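If you look up Swiss-Prot, you'll see Lys35 marked as N6-(pyridoxal phosphate)lysine, on the strength of sequence analysis. Residues or ranges marked as active site, proton acceptor in Swiss-Prot (evidence: sequence analysis): Lys35, Tyr253. The substrate binding site annotation in Swiss-Prot covers Arg130, Met301, and the record cites sequence analysis as its basis.
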Amino acid sequence: MPRPISATIHTAALANNLSVVRRHAAQSKVWAIVKANAYGHGLARVFPGLRGTDGFGLLDLDEAVKLRELGWAGPILLLEGFFRSTDIDVIDRYSLTTAVHNDEQMRMLETARLSKPVNVQLKMNSGMNRLGYTPEKYRAAWERARACPGIGQITLMTHFSDADGERGVAEQMATFERGAQGIAGARSFANSAAVLWHPSAHFDWVRPGIMLYGASPSGRAADIADRGLKPTMTLASELIAVQTLAKGQAVGYGSMFVAEDTMRIGVVACGYADGYPRIAPEGTPVVVDGVRTRIVGRVSMDMLTVDLTPVPQAGVGARVELWGETLPIDDVAARCMTVGYELMCAVAPRVPVRAE
């Protein structure tokens with residue numbers, strides 16, 4: 001019999017979250033971002049819940065082909081573009097849209113032999129300083145793209161670095177306007193944070209990612225509490241043992257936690273080999289039998305231990321939610337000095353996953 005740990009993907013929550021995007025950006029089309037195997041959820045598992053989108057955005061050609069095989073006939077955007085000239089053959093065959101962010105990609109499109117023009121998103125580096133043409137070079141890149149017979153529609157694209165923070169988007173939007181002055185075309189700027197908090201950045205296409213999965217772009221669950229988003233992944237397990245610690249006794253590697261009084265602890269079938277962060281400190285929240293409690297001791301490879309003081313009735317077999325419908329993933333991530341994105345993507349292959 002398998003270990004009791006499992007992850008559940010909530011299809012209805014995905015559809016709900018897409019509808020929240022549309023409420024916030026009612027005049028925009030939506031690229032549903034499903035990179036990194038749909039933020040660890042599984043591309044095939046999220047497809048039924050997100051198929052109401054206008055397009056999908058991702059990184060890998062293999063995942064783009066998989067979407068076509070799942071029956072998706074609409075737009076698919078390669079967010080980092082392509083890396084070799086042979087990739088363009090796949091782009092052409094499967095009618096993909098690609099980002100273009102450097103001269104080497106432009107050169108490959110100029111020399112490609114295509115059955116039809118490729119739609120592109122011409123990316124400006126407006127301040128993130130990762131990918132994209134500088135504002136000073138953007139017009140020349142746009143003119144070059146317009147002159148290329150292998151390029152069809154050109155969408156103007158940039159990416160925000162601080163849409164979830166105090167700096168916001170105004171500075172980058174102003175930078176973009178300077179670099180793209182006089183250039184007409186559809187625009188795609190807004191990530192999840194901009195969808196939620198910066199309506200002036202919505203334009204023609206929005207690119208929500210983390211909000212589709214029910215977590216906060218800021219990493220703070222309170223920031224999205226009133227937005228109607230629902231968690232799309234629940235990681236759950238069970239108690240596989242219960243121990244009673246006497247005052248002064250410790251639990252786990254390194255004896256990191258010492259009981260201040262007699263107490264019951266539960267042993268949970270979940271550890272860092274399942275993708276749960278080893279760095280999780282004492283006090284990281286968990287939910288046992290519907291009651292919120294805390295981790296005590298160090299997370300080990302296959303197990304972690306929890307305080308059963310708030311839930312005295314819990315015994316072997318009691319359900320434990322590590323994050324999900326009852327416990328926001330952002331609350332767990334915050335205690336672990338990380339973000340919900342990372343926890344979702346880190347769920348290990350050995351954890352059974354099902355969609356409902």
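Placed from the backbone N, Cα and C atoms, the Cβ positions cover glycine too.
Feature map: annotations from Swiss-Prot on the structure.
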residue	record	contacts (Cβ under 8 Å, 6+ apart)
Lys35	N6-(pyridoxal phosphate)lysine	Gly57, Leu58, Leu59, Asp60, Glu63, Leu79, Gly209
Arg130	substrate binding site	His159
Tyr253	active site, proton acceptor	Gly297, Arg298, Ser300
Met301	substrate binding site	Gly271, Tyr272, Ala273
